[in-house]
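The structure is given below, and queries will be raised subsequently.
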Amino acid sequence: MSLPNPADLIRQMAVDLRAHLARRAITEPRYIGIRTGGVWVAQALQEAMGDSSPMGTLDVSFYRDDFSQNGLHPQVRPSELPFEVEGQHLVLVDDVLMSGRTIRAALNELFDYGRPASVTLVCLLDLDAGELPIRPNVLGATLSLAAHERVKLTGPAPLALERQDLASRSAL
């Protein structure tokens, strides 16, 4: 199975997001990307939407509930939100939705900054492996992978998807 082209997915996601926001009468959303791939997707999506407003970035490393199992990512950086969260309509963007734990961590962090009016979740890919009841409002594509496979977004320019085989990596 070949992987979809991120640029094609983002073009369609922009159409879908525009419709989603219009149905809810949201005219000035604030974009937030989850590091690192979610930031790249958010930048491309915001550009496709013709929106040049400041974008926020979240690093959810300290908010993950699997921190004690997986350890801390070696490149933790501070989150940057150049706008108030309180009362804002947020578009939260991630590259790959797998378990849902990253999104849960992102929501926890966002609520530490204030209470948003709404949060629209946008994901490039859903791997249909959810452990939590989290589903995106706007989605590029759903992929079904074998248990030993993962998908990684590379970028920032151009954005590309690559399949990774964890079984072959552990054999090394």
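Each Cβ is built from the backbone N, Cα and C atoms, and glycine gets one as well.
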Can you identify, from 38-50, 90-102, 116-128, the stretch that Swiss-Prot calls motif 'PRPP-binding'?
90-102
Check Swiss-Prot for me: it has Thr36, Gly37, Asp94, Asp95, Val96, Leu97, Met98, Ser99, Gly100, Arg101, Thr102, Val151 binding substrate, so pick out which one of Arg23, Arg77, Arg115 it puts in that same site.
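For the substrate site that includes Thr36, Gly37, Asp94, Asp95, Val96, Leu97, Met98, Ser99, Gly100, Arg101, Thr102, Val151, Swiss-Prot also lists Arg77.
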Ranking the binding-site residues Leu97, Val151 by other Cβ atoms within 10 Å, which is at the bottom?
Val151
For Arg101 (substrate binding site), just count the other CB atoms lying within 10 A of its CB, please.
19
Hey, what's the widest CA-to-CA gap across Thr36, Gly37, Arg77, Asp94, Asp95, Val96, Leu97, Met98, Ser99, Gly100, Arg101, Thr102, Val151, the substrate contacts in the record, in Å?
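The span, Cα to Cα at its widest, is 23 Å.
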